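Enquirer: I have a structure here, written as structure tokens, and I will follow up with some questions on it.
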Amino acid sequence: MTAVRAGVVGAGYVGLTTAVCLAERGHHTVCVDVDPDRVEQLRNGVAHIDEPGLPELLRQGLAGGTLEFASHCAGLDDRDVVFVCVPTPSGPDGSADLSAVDNVVDELAGVLAAGAVLVLKSTVPVGTTRRVGERVRSAGIRAVSNPEFLRESHAVYDFRNPDRIVVGTEDADAAAVVTGVLGNHAQTFVMNPESAELSKYASNAFLAVKISYANSLARLCGTVGADITDVTRSMGADVRIGPHFLAPGPGWGGSCLPKDTAAILHTGRRACVALPEIESARRTNAAQPDHIAAALRRALRVPLHRARLTALGLTFKAGTSDVRDSPALTIGAALSRAGATVTGYDPRLGALDQSRLRAAAVTPVDDPYLAAKDADAIVVLTEWPEFRELDWTAIAEQAPGAVVLDTRNLLDAAALADAGLRYVGNGTRSGY
Ligand code: UGA
């Protein structure tokens, strides 16, 4: 591998992971972020995101001189390749808001040297890379799509061990630059930019469809005496289906699946192509709070509007401190609106964005036993493994007669029954 001079714009989950991993691969990397405080922290070796292995790589890159941080793009003028990793949030109509990408491209067009490759890692709608390519062509810059498939909480692992690398360009030399930088990988697919861009949305939408299907099946299981765990175990053993993303839960969330399903539907509308499977997956997901509220109404011994509820888990999935678009908070907010008092505990509570907890009317309590005190129901919303290790007898003493509604089927039903708690699983025989 030949080391190159790399740049990364945007130090979020994707950008910072990309920067520290490129530096680890021996590329001198300059990572730019508009937030000067964030840049200062990063220069001091302090990461603002919670990813296993990332703080070590950050310190290693800084100490080895392969990683630098800057608060503007001007210093990227000597870079061979620059990865754009800025957010593309949902607009009101579901479309991806490209203003951050466009601003960065405008800046880079005036900074990068002729021959540089500008790589769009941000998730962008079909047609964006070609449009950006036209914008920067007169400066001799090539634009390439390289969608990122890493998962939060496994970001460094996924960067080092990607299932596939997708490179969207019709310029063979630019494709070789990008694959060279990222490392040659058996599953490297070079395709036109439109296919690369769409493959990202299509993948996230398929994951959403898969989970919503499991959530619909769980509802069916709950009413016909079947057990979703057995049903998905059987389905997942079929190699054509696979076992992943079939776990039922409170619904899918996070910063990607909701926004990317909205954006692909927007693309479909503009192209006059219906995508009913994705529409349906979003409808199923949107109905999850009502489904859970209905299950609680059946299980509670007091009316929901007078109930004291404890939410166990507030992040959108385990292993992260991210609460953006967290189903746990969506459900907490819906239950609060229904009149219930909701307290919440999360193993990463101290690191969570407290303003989002306030907006959901969830009162944080930094101790699971205190959070459960006097609860009428304890609702497991995030699959943190440590919830299995709680002293459920002590919780039963704090909340006598409480029902535990386990949306993730995380806990051991028999252990909870032994502790004296009523247990309701999701799509199980004694469940909802
Ligand atoms: C997702 C994709 O998995 C990544 O491949 C992609 O790169 C990323 O979006 C992105 O576009 O940046 P992430 O948002 O980190 O990654 O989260 P996931 O692990 O996909 O989980 C999404 C949601 O689905 C979570 O709320 C999770 O709890 C839920 N989920 C997942 C289930 O309810 N059941 C499952 O079986 C799996």
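First residue shown is number 1, and so on along the chain.
Just so you know, glycine gets a Cβ as well, placed from its N, Cα and C.
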Enquirer: The substrate site in TrEMBL lists Phe149, Leu150, Arg151, Glu152, Phe245, Leu246, Ala247, Pro248, Gly249, Gly253, Lys317. Which one of Lys200, Lys373 belongs there according to the record?
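Expert: Matched candidate out of Lys200, Lys373, per TrEMBL for substrate with Phe149, Leu150, Arg151, Glu152, Phe245, Leu246, Ala247, Pro248, Gly249, Gly253, Lys317: Lys200.
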Enquirer: Same NAD(+) site as Asp33, Arg38, Thr123, Glu152, Lys259, Arg324 according to TrEMBL: which of Thr88, Thr188, Thr223, Thr363?
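Expert: Among the candidates, TrEMBL records only Thr88 at this NAD(+) site.
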Enquirer: Should any of the binding-site residues Lys200, Leu246, Pro248 have a Cα within 10 Å of the Cα of Arg324 (NAD(+) binding site), which are they?
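Expert: Checking each Cα against Arg324 (NAD(+) binding site), there are no hits.
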Enquirer: When the Cβ positions of the binding-site residues Thr88, Lys200, Pro248, Lys259 are compared with the atoms of ligand 1, which fall under 6 Å?
Expert: none
Enquirer: Please give me the CB contact count at 10 A for Pro248 (substrate binding site), counting all chains in the structure.
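Expert: Neighbour count, Cβ to Cβ under the 10 Å cut-off: 29.
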Enquirer: List the same-chain residues at least 6 positions away in sequence whose Cβ sits under 8 Å from the Cβ of Cys256 (active site, nucleophile), in sequence order, or say none.
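Expert: Listed in sequence order, they are Thr123, Asn204.
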Enquirer: Are there any residues at least 6 positions away along the chain from Gly253 (substrate binding site) with a Cβ closer than 8 Å to its Cβ? List them or say none.
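Expert: Same-chain residues close to Gly253 (substrate binding site) (Cβ under 8 Å, separated by 6 or more) are Phe316, Lys317, Arg324, Asp325, Ser326, Pro327, Ala328, Thr330.
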Enquirer: Enumerate same-chain residues with a sequence separation of six or more from Glu152 (NAD(+) binding site) and a Cβ-Cβ distance below 8 A; give 'none' if the list is empty.
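Expert: The answer is Tyr13, Glu51, Gly254, Ser255, Lys317, Gly319, Thr320, Asp322.
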Enquirer: Using a Cβ cut-off under 8 Å and a sequence separation of 6 or more, which residues in the same chain sit near Leu246 (substrate binding site)?
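Expert: Sequence-distant Cβ neighbours: Lys210, Ile211, Tyr213, Ala214, Thr232, Met235, Gly236.
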